[in-house]
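Engineer: Annotations for this protein, taken from Swiss-Prot, read as follows:
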- 120-127, 166-170, 220-223: GTP binding site (BINDING)
- 111-278: domain 'tr-type G' (DOMAIN)
- 120-127: region 'G1' (REGION)
- 145-149: region 'G2' (REGION)
- 166-169: region 'G3' (REGION)
- 220-223: region 'G4' (REGION)
Amino acid sequence: MKKSQKRISNVSEIKAQLKTVETKVHNGVFLFSGIMTIAELAQKINVSVNQIITYFFHQAKMYNLNHSLSEDEIAEICLEFGLDFKKEVQIDASNFMEEVSILDQDKDLSPRPPIITVMGHVDHGKTTLLDYIRKTNIAKNEKGGITQHTGAYQVVFQGHIINFIDTPGHEAFTQMRARGAKVTDIIVLVVAADDGVMPQTKEAINHAAAANVPIIVFVNKMDKPNKDVDRIKNELSALNIVTEEWGGSNIFVYGSALTGQGIDTLFSSILLLAEILELKANKNRYPIGTVIEAKLHHNKGTIATLMVQNGTLMVRDFIVAGYQYGRIRSLENTNGQPIKFAPPGTPVIVTGLNYVPEAGDKFFGFHEEKFAKQLALEKKQSEKISKTKVQTKQQTKEKTLNIIVKADVAGIAQALHSTIEKLASKQVHIHILHSGVGIVNKADILLAQTSNSIIYAFNLQIPAAIKAQAKQAQVEIREHTIIYKIVDEIKKQVRGMREIRYELQQIGTAKIIAKFWFSKVGSIAGCSVLSGKFVENCKIELWRNSKLIHSGKIESLQRDKNPVKEVQVGNEFGTHIYKFNDIEIGDELKAFLDVEIEE
């Protein structure tokens, strides 16, 4: 990038989208940003408070004017009173990294290098493959090799750059996804030709599916005499990873990480898929990307590896990552060589930050320190509020029980998987993210943390270190040795999660035949039951001349000055209506009870 060439500012993009949503009716559409009270909603849509309260009363919901309505309830009221509705996202410092859309014009976009993560079962050759690729790149680099672990590196194949994120495995991949980072474009799944699909292979596939990342399969160890390629294809097809040879959409590459067989084919396949994915970015803007890793060096201070995904990062740029900001002092490529700038699709080692960002933090680059500082400060101040909003939002989503199943033998794991899926109800969906054989491991904990899952471990000993990690990550591991106890436990969870629905059923009618006034209580209605019955604390409607006057509940129920629990047809009783005194002789009372509706 030329020094004189100006970059598009992220400041203008963000400022343009930072907004406070004005709650109002516009062209028959009610615009709102979140929950509000009945009184607030009534005022905004020009409907009386009583109309809204009565609407919810008929749904067995006893609300007052200060009750806060959920987004779904606001939508219900809008539809009830003939309005369309639209929720608009309010964007501020607490959520701008997630909500701000950076839209570049097509003419400004150009292809960027793909970003690859290699995953696979232990001992299937993931590390050997990465080592071979890394050494190949070092050999081509005349200025020397990589002297430190940077978390990411680049290779050049036929003039095209490919990025590899070098992580310890599924754990790091999941940690990034847990923090909302979408950094990987393609996953290369390594499967040993002489071993087949193993537990961590399934884990990797589940991780990829959860992150919606396409998979290229590298069938490794093709130099082994006991390889069985058909077995690999069959086992992977059962997991919805189907080779193109069989009409599927997954590219399979056959080779050996030890000898280098198939590596060039793998590179070609990556570039082909990257072309299909149309990975593009605008190099002429300030940078946006993800923190790959960071550490504190005793001499250099913070050293961080960043993946630039859009825009160009330069020395002296200010960046906001997490809820802090800093200024870039130096840039190095992953070979440790100084560079002047890092375009899109470039892993870069930076110094100058006065804090250590976390892996998976998204970062934005700016030329204005004032704006970066303001955003970081506001984001920090809103962190606790933001967490509360997330929890509230999660509670209002469709109810899903996420589960991970681990067992000592495959047959039990399969049986549990099948049995648990059948325990879902109409209101509560059960999603089994992963089921497998063997002890609960770090990858299980991280997947559970990411997806808010419960881990069920059948007939397994959980290592103390794993229990400690689960506790720290606030992940539940439930250990069992009897299947029906797992079933009973999940049934209780499903019952506890479902929204209890009630139907308001009319149980009786009465006529007010006398009224009295007591200064300590208010109006007392003397009533005669015309049909059905009245019960203690039942809900009522008061009607006068065929017009609904009041919806509420009775506060007491007495016969001959003695409190009673119910009064049957043909009998008389006295009652006081809660916080309501405007009664007249001849008024009709209708009694209602909430009845729970079974699914």
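Quick reminder: no glycine exception, Cβ is built from N, Cα and C everywhere.
Tell me what's around each of these sites.
Structural biologist: DSSP classifies M222 (GTP binding site) as coil under the three-state reduction. Using a 10 Å Cβ-Cβ cutoff, M222 (GTP binding site) registers 20 neighbours.
The average pLDDT for the region 'G1' (120-127) in the predicted structure is 84.
Residues 120, 124-125, 128-129, 190-195, 229, 254-259, 261-262 of the same chain lie 6 or more positions beyond the ends of the region 'G4' (220-223) yet place their CB under 8 Å from a CB of it.
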Engineer: Do any residues of this chain, six or more beyond the ends of the region 'G1' (120-127), have a C-beta under 8 angstroms from a C-beta of it, and if so which?
Structural biologist: 169, 189-192, 195, 198-201, 204, 220-221, 257-258
Engineer: Translate the DSSP assignment of D123 (GTP binding site) into the three-state scheme.
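Structural biologist: DSSP assigns D123 (GTP binding site) to coil.
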